[in-house]
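A.B. asks: The following feature annotations were taken from TrEMBL:
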TRANSMEM  12-34  transmembrane segment
TRANSMEM  40-59  transmembrane segment
TRANSMEM  71-92  transmembrane segment
TRANSMEM  176-195  transmembrane segment
TRANSMEM  207-226  transmembrane segment
TRANSMEM  248-270  transmembrane segment
REGION    294-317  region 'Disordered'
COMPBIAS  307-317  compositional bias 'Polar residues'
Amino acid sequence: MWELRSIAFSRAVFAEFLATLLFVFFGLGSALNWPQALPSVLQIAMAFGLGIGTLVQALGHISGAHINPAVTVACLVGCHVSFLRATFYVAAQLLGAVAGAALLHEITPADIRGDLAVNAPGQQVPLLCLSLQYFLACSIPGPLDKSPDVSDKSCTISVATRVSAQLSNSTTAGQAVTVELFLTLQLVLCIFASTDERRGENPGTPALSIGFSVALGHLLGIHYTGCSMNPARSLAPAVVTGKFDDHWVFWIGPLVGAILGSLLYNYVLFPPAKSLSERLAVLKGLEPDTDWEEREVRRRQSVELHSPQSLPRGTKA
């Protein structure tokens with residue numbers, strides 16, 4: 001339980017809380033349906049990818065910047081973190097995600113916030129071009145038969161809503177779980193590979209690689225599920241809006257994908273040279289915290305240097 005006595009551990013837990021808060025705030029914010037500029041798939045993918053890349057670069061040296069319960073579970077399966085650290089990390093991530101979504105909900109106008117981009121199988125895809133809305137509005141039978149005034153915001157919203165409902169796909173819960181599994185699998189493989197210190201060649205910047213991996217997942221996953229890859233990202237808007245339809249999909253899919261990715265990398269593709277006892281020591285938290293030990297050594301040295309007993313005999317303090 002040395003981790004609980006470590007200031008570095010407390011900072012790492014807080015860093016996970018802060019990083020997940022910011023990630024959810026900026027990620028969900030990029031998917032809000034502002035009538036004058038409806039979000040595109042590319043915009044959302046870039047926002048989530050850039051968000052992860054930025055936060056990994058900013059906070060990765062403090063906590064590892066997991067920002068995702070699935071990633072933390074993958075690290076636990078690979079014996080990279082202890083049970084205690086994984087528990088605190090997941091709790092911090094979930095709290096940070098909900099805090100980020102609640103903050104976004106409060107500062108966003110009621111007619112814009114909608115469902116805060118909550119994940120759901122068969123995610124609706126908003127139309128991206130106002131001219132396309134105008135064209136489709138003229139061809140859809142019903143109250144929109146007459147040519148609408150595209151400068152009218154209410155008309156734009158109504159057109160987008162009707163067409164979005166028609167374009168919504170029929171992804172089943174089982175298909176959604178499978179998609180989330182593979183999206184998270186590629187993310188976890190990328191994380192382990194880009195942060196592996198055993199690689200001889202220069203692997204590049206992990207923050208950039210991980211950001212690209214997240215963006216890649218969104219480019220495909222948005223059409224199926226809205227793209228989660230992260231249970232905290234899915235839980236946050238669900239808690240704030242109270243919409244938990246098929247919410248289990250966004251826990252089972254990412255967690256199973258993360259576990260498979262960790263097993264593949266750490267035990268099949270590139271297993272580390274660790275004995276079973278060393279792996280168990282990490283999981284139990286028996287491995288010493290280097291930072292904490294170094295601080296203790298410096299503290300003792302400081303005490304000894306300023307202690308009267310440490311002065312040579314015959315020397316006046």
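Just so you know, glycine gets a Cβ as well, placed from its N, Cα and C.
Automated prediction, rather than curation, is the source of TrEMBL annotations.
Neighbours and distances for these, please.
C.D. replies: Non-local neighbours of the transmembrane segment (12-34) in the same chain are 43-44, 47-48, 51-52, 55, 58-59, 62-68, 85, 88-89, 92-97, 99-101, 103-104, 108, 112-114, 116-117, 126, 160, 232-233, 236-237; each lies 6+ residues outside the stretch with a CB under 8 Å from one of its CB atoms.
Long-range neighbours of the transmembrane segment (40-59) within the same chain, counting only residues 6 or more positions beyond its ends whose Cβ lies under 8 Å from a Cβ of the stretch, are 15, 18-19, 22-23, 26-27, 29-31, 65, 67, 125, 128, 205-208, 210-216, 218-219, 222-223, 227.
Counting residues 6+ beyond its ends, the transmembrane segment (176-195) has Cβ neighbours under 8 Å at 70-71, 74, 78, 121-122, 203-204, 206, 209-210, 212-214, 216-217, 220-221, 224-225, 227-229, 246, 249-250, 252-258, 260-262, 264-266, 270 in the same chain.
Remote same-chain residues near the transmembrane segment (248-270) are listed as 68-71, 73-75, 77-79, 119, 121, 173, 176-189, 192-193, 196, 198, 225, 228-231, 234-235 (criterion: CB distance under 8 Å, separation of at least six residues from the stretch ends).
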